[in-house]
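Worksheet: one structure, shown below.
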Amino acid sequence: MTQRALLIGINTDSDIEKSRDSLEELKMLSETAGAENVFSVLKNIKKIDPAYYLSKGMLEDIKDKTVSENADIVIIDASLSPAQERNLSEYFDLNVIDRTRLILDIFAVNARTAESRYQVELAMMNYILPRLKGAGIMLSRTGAGIGTRGPGETKLETDRRKIRLKITHIKEKLKLSEKTRTLHRSKRSRHGFLTAAIVGYTNSGKTTLMKSLTGKGEKGENKLFATLGTKTASIYDDAKKKKVLISDTVGFIQNLPLFLVDSFKATLEETVHADLLLHVIDPLQNSVIDKSGEVIKILDEIGVKDKTILTVINKTDLIGEEQADFLKNKFETVTGGSVIAVSAKTGKNIDLLKEKIFDLLNMEQYNGK
């Protein structure tokens, strides 16, 4: 049954446009999770209440709205403490989740491979552990629906001791996966294969670009976090007799907690060890420069500094030539690196992109990187 979601955006500083953009993103996340957004509002907060996050007056207004809109769940665009989440759930007499829990819920549904399921489960365990009250989960309402799902539609574990044991078990499984990846990378290196990793904000068209470049991979979906695992395929330069392995990776999003990034280290290893990064930009996204900055910030956090990055402005079939040229010049100024504008959907400039990939990787080899 579709849940009726009431969304609360938060503005704690003067950057109202960024807060509005974040709320719009929350709406997309909620819809991706399968909810029906029945009401949304942006609240200006000068001081965060340590017990409820929101002021008493705001709580009363929202409570009235949950009743009039017949809401099933309240989603708040913030990172709530375990106590705040518990207090809000009790006050509204509804399930209340924050942005992080919503993202985890989407991850749970989209985790298709064994490795991605382990990674999602590890992230969930790390999130749930401090939220346990006594022997059970802090949520006053448990059952089916958003905020209660585990990876692969499994039931969430709620016992502290079992969770800690499970965390240890999952970490061991992921270490084995990491060891296998390391062996594969060593084998590629011995054979002289160069590698490129596709990175970018979620829903920027990375998977479609992967398919357009290599002819392999799944059809891209217009939803957030459709790709959680890593998929690898190759492109070949007949003239140079060279092959490059291309990897598609999990998308990033603003305000992504570091513990969640850490949980996906196994998948992100392909990014860390790649010879070249293809940073895919969606020109239709609001605050596109800020969103590209979020991607760079996360890349820095996982230890990807001083790596050659080729910025790829995608979806040019949906914007005019003038806008594409403007963005190309803008990103050349911002990044100080190479930028190319393409359409993964129509194939426009994909051959030029392949040439650029080989040229940059040849430079990397020449410079001994």
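We number each residue from 1, going along the chain as drawn.
Glycine too: its Cβ is placed from the backbone N, Cα and C atoms.
Look at TrEMBL and you will find 194-365 tagged as domain 'Hflx-type G'.
DSSP classifies ASN203 (GTP binding site) as coil under the three-state reduction. Per TrEMBL, the feature GTP binding site maps to 200-207, 248-251, 314-317, 343-345.
As annotated by TrEMBL, Mg(2+) binding site applies to THR207, THR227. Packing around THR207 (Mg(2+) binding site) is summarised by its Cβ count: 22 other Cβ atoms lie within 10 angstroms of its Cβ, all protein chains included.
On the backbone, the CA of ASN314 (GTP binding site) and the CA of THR207 (Mg(2+) binding site) stand 11 Å apart. Cβ neighbour density within 10 Å is lowest for LYS345 among the binding-site residues LYS206, LYS345. Around GLY200 (GTP binding site), taking its Cβ as the centre, 25 other Cβ atoms fall within 10 Å, counting all chains. Note on the domain 'Hflx-type G' (194-365): mean pLDDT across this stretch is 86.
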